[in-house]
Amino acid sequence: DVACANRPLNMPVKGSRLSALYEHPLYKRSVPPLTDEDTLFNVNTDIRFDPKAAEDQAWNTEGNMDEFSPTGELAADSYPNWLRFHIGINRYELYSRHNPVIDALLKDLVTQRITSVAMKSGGTQLKLIMTFQNYGQALFKPMKQTREQETPPDFFYFSDFERHNAEIAAFHLDKILDFRRVPPVAGRLVNMTKEIRDVTRDKKLWRTFFISPANNVCFYGECSYYCSTEHALCGKPDQIEGSLAAFLPDLALAKRKTWRNPWRRSYHKRKKAEWEVDPDYCEEVKQTPPYDSGTRLLDIMDMTVFDFLMGNMDRHHYETFEKFGNETFIIHLDNGRGFGKHSHDEMSILVPLTQCCRKSTHLRLQLLAKEEYKLSMLMAESLVRDRLSPILIQPHLDAMDRRLRQVLNVLSECIEKEGYSYVVEDDLQGHQGTDHAHTGPRRR
């Protein structure tokens, strides 16, 4: 295992396990040199980043221009953190490993004054769009269950509640796995009266506020499934927990393409999906663009591991930035259905992984299974920084260690059957992201 060649066996990690992890050679690989084609925005020549030229009201509202330099010329380091996050997005990653802007943005999500709130349309459950004083925006998912409540065994995956703590934990897990494909998420305690009801211009939302018999402030909003007085969200008396996920750039500035996940579920109470009944399904996928070349199929395998560790069955679609075509990472959005059952491992999530995996991911998973870099301990250390800590109860942390062993077992069985070089795609030669020589996983 080359992953640990640089470190004496079982050497205890002093101090922070996370710091030690990020110092490991597997977490030191750099992205290729970036051209204008590889960055989402070209700040120097892009008129959209000049506040004077911007049509977007955000820059021009209510004389808040004193936040910016008097000339209207903005140095990138004086941009608000949400914009610096957007500018850092490139073909290979949503944010870089040690980008200080991400921690600053997480802090903003928790401390910035909320200036307006609106309901997000679509979806089965209530989500709010919150705008802050620095014009950043985030998606707020309110707390619906306690940390201890497991998904009832008779619930179908598509009728389960979304969990605010799953959104927070997913961001931390994605970062520890070194995928960095989940936009930053932080937990926040929100005052429902001052920070939602009093600042919303959304009449439909405002009308659903009421005081409960227990004298708590409640609201239920409008949505297609769980928006009624029976499913009202109530504060104690008016505080509510929720997750705030930083928005990606506006679709008018950076279009995204939505792809159907080839291993999506049937979303039907009786029917099975094609992949559940067709043993040759993966071979068909491998011959279909964009899975027949580039890194897309390997990215799906990464997402499979990510979802299995969380127990998330609800991955029906994924998105990419249109500018980068097919040669780019997939964005891991909407993770609220993870961490529902710590007592059950949904092995069907791993079906795609029985086909192939990338070497860098395989080595990192082996690393996270070692005692000194134990995944549950790393997650606990990372999550303790969140304002709503503890985010996950211990059984969920333990479940991740157990599931990680299962992922490695599935891979080693495949390797035994098919041979290492068939199953594990070597993406460590040369630069990450430049495996254009690779034309999809090898065929039998």
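Numbering starts at 1 and runs along the chain as it is shown here.
In case you wondered, yes, glycine gets a Cβ from its N, Cα and C as well.
TrEMBL does not curate its annotations; it predicts them automatically.
According to TrEMBL, the features are:
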ACT_SITE  ASP314  active site
BINDING   GLN125, LYS141, GLU162, ALA245, ALA246, PHE247, LEU248, GLU319, ASP334  ATP binding site
BINDING   GLU162, ASP334  Mn(2+) binding site
DOMAIN    209-423  domain 'FAM20 C-terminal'
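Feature map: TrEMBL annotations on the structure.
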residue: GLN125; record: ATP binding site; Cβ within 10 Å: 19
residue: GLU162; record: ATP binding site; Cβ within 10 Å: 24
residue: ALA246; record: ATP binding site; Cβ within 10 Å: 24
residue: LEU248; record: ATP binding site; Cβ within 10 Å: 21
residue: ASP314; record: active site; Cβ within 10 Å: 18
residue: ASP334; record: ATP binding site; Cβ within 10 Å: 23
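The two recorded residues, ASP334 (ATP binding site) and the residue listed as 'active site', show a Cα separation of 9 Å. In this structure the C-alpha atoms belonging to GLN125 (ATP binding site) and the residue listed as 'active site' are separated by 14 Å.
Comparing the residue listed as 'active site' with GLU162 (ATP binding site), their Cα atoms are 10 Å apart once rounded. For the ATP site, whose annotated binding residues are GLN125, LYS141, GLU162, ALA245, ALA246, PHE247, LEU248, GLU319, ASP334, the maximal Cα to Cα separation is 20 Å.
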